[in-house]
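Engineer: Among the features that TrEMBL reports, domain 'K+ potassium transporter integral membrane' is placed at 23-189, 195-431. What TrEMBL records for 60-81, 153-180, 212-234, 255-275, 307-327, 339-358, 364-382, 394-413 is transmembrane segment. TrEMBL lists 445-685 with the feature domain 'K+ potassium transporter C-terminal'.
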Amino acid sequence: MDLEGVSRSQPIKKDSWKTVITLAYQSLGVVYGDLSTSPLYVYKSAFAEDIHHSETNEEIYGVLSFVFWTLTLVPLLKYVFIVLRADDNGEGGTFALYSLLCRHARVSALPNCQLADEELSEYTKDGIESDKGNIGWRLKSTLEKYKVLQSSLLVLALIGTCMVIGDGVLTPAISVFSAVSGLELSMSKEQHRCSEAMFADLGHFSQLSIKIAFTCMVYPSLILAYMGQAAYLSKHHTIESHYRIGFYVSVPEKIRWPVLGIAILAAVVGSQAIITGTFSIIKQCSALGCFPKVKIVHTSSKIHGQIYIPEINWTLMLLCLAVTIGFRDTKRMGNAAGLAVITVMLVTTCLMSLVIVLCWHRSVLLAICFIFFFGSVEALYFSASLIKFMEGAWVPIVLSFIFLIVMYVWHYGTLKKYEFDVQNKVSINWLLGLGPSLGIVRVKGIGLIHTELVSGIPAIFSHFVTNLPAFHQVVVFLCIKSVPVPHVRPDERFLVGRVGPKEYRLYRCIARYGYRDVQKDDNEFEKDLVCSIAEFIRSGRPAYVVGTEDTVNDENMTVVGTLSSNLEGIRMCEDDGNSGDIAGTSELREIKSPKRVRKRVRFVVPRSPQIDIDALEELQELMEAREAGLAFIMGHSYVKTKKGSSLMKKVVINLGYDFLRRNFREPTFALSIPYASTLEVGMVYYV
């Protein structure tokens, strides 16, 4: 059972028992859909080879015993009672475990992390620095010191993720094939053979509901189903073919059709669950910089996390059809799916052993016992799957290798591009030498410059200042970044600060999103962005200190929430300039622009705090700039290797990364902005 793509809800208050029971009931189809269909083919898989019945039925009872202890040790003991506790603020999966390790050991794959990110509400981190002599602290220090270990940890997480994506190709085929085999049994006498391991996935549910569903319903039902089949086989030694060893032959003919319908429905639901989980995995990888940008469609405005990715959906469909047409039987599909799932189990076991030490602060001996006990059980499955390499098990290896290459090439190219930005950022002394006017004409409006930097001035800004005769009166350096937590609360969304002295009207705004957060559309985001700057101005933060901008100084930045979350802060109202004044309360007062323009912008601020004259003037200038319009300035990068680079680096950057950059989408936030307000400037990055 893997935890990839899990999104278990984390309620603010404790769920009622009615809610828990409802979630447990819903999880029967979504979480345990494919696991519940395993009785359809396990015995067929076990007796697919030349195994003959004995009078003592020892081979039947041996398989039953093997199935019983597998269900007890792996899904029940390991996942339900241990691994589920290692959730990342309600999220589970390979990347959730990796995210936990990133926060506790500071081995994040994200290059633009800040100390301010550790103050987020969901950035739960119990440090182990207090006891620097223990083994856990030494292990943490070793991981932080050696880059090769950090890269190995990332590759391990990516391997598990890629195997789950491969599982998303194989599960629909094997599940539906096995369910439909009952239809063939009722309508024909054809012979079929099929070798699949038991596995499952988790969905959008709480830990308690999953535990109740498995321990009280799924686990006893599966055990009874396997016992019933074993009892039937022990009394019916004479069979027409291996095909008739399957589940449906033990079902009475009078109820075989209803059972067949339920099995097909469970197979379809289980297949849809793994496909939806694959969408979530791709979104997580893309947010953490390990997968190219893809189009993400949010299918529900009310239920968080329901997404659809057209490119991935079509890719899964084509690969699933290719596997189905190429294999045409569930034996080789089962071999392929078995290797994919057991690999994810091994990766989870390895990551969990690190979580036990670094996150739970338990004894290293306990972690060793965990990895040896469960790892030895899973190693048996893994070795058995490798034996079937030429009989279908090669498929997940090939698929995972392709996805792994794509992920690692994209991550490597993105990291090198960021390093170039850091090394070539403009000095603050250069900006101070230009003066408040920046040496050019400042026209009305807001210039929004996108950058990956969280400190310093990007090189793209110097191109504008030195090559254009005019620039906007208000300039915002916008960094939209992901942080290693599943969600960022709306009231902690923005970090706002100044770049240079106050009279320069240069601001830095960092919008932070978790790897499962939904980014808003352009209009709502623009309002949140402008209001966050206005709230920063109203807060009266200390003036800019010379010499601090070139360093990551989070103390000079203010945490500001979104417009909807900051009910006591500044609100912004926009209209076409013809409507009357909005109705205000006694505790609110308006700052209006002096001129009547096509679009009128008004800031509604609380009356109680006193705002000084300079802040009022700055707010009015920001308001006028918003009325004049907002322009998006983006860099269109071309990444090339430097002279003297190795052949491998040239292949990865000049061919691999360049191919992915050209054939995938721009950053997510850039997809919905109006093209009429966008200006792209090409830049060559020599990495």
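Each residue, glycine too, has its Cβ placed from N, Cα and C.
It should be emphasised that the depicted structure is a prediction, and the values quoted were computed from it without experimental measurement.
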Engineer: Where does the mean pLDDT land for the domain 'K+ potassium transporter C-terminal' (445-685)?
Structural biologist: 76
Engineer: Counting only residues 6+ away from its ends, which parts of the chain sit with a Cβ under 8 Å from the transmembrane segment (339-358)?
Structural biologist: 1-4, 74, 78, 82-83, 86, 94, 97-98, 100-101, 104-105, 128, 135-136, 139-140, 153, 156-157, 159-160, 163-164, 166-167, 170, 197, 199, 364, 366-368, 370-371, 374-375, 378-379, 381-382, 385-386, 388, 393, 396-397, 400
Engineer: Cβ pairs under 8 Å with the transmembrane segment (212-234): which stretch of 60-81, 153-180, 255-275, 394-413 has the most?
Structural biologist: 60-81
Engineer: Select the range from 60-81, 153-180, 307-327, 364-382 that forms the most Cβ-Cβ pairs under 8 Å with the transmembrane segment (394-413).
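Structural biologist: Top-ranked stretch among 60-81, 153-180, 307-327, 364-382: 153-180.
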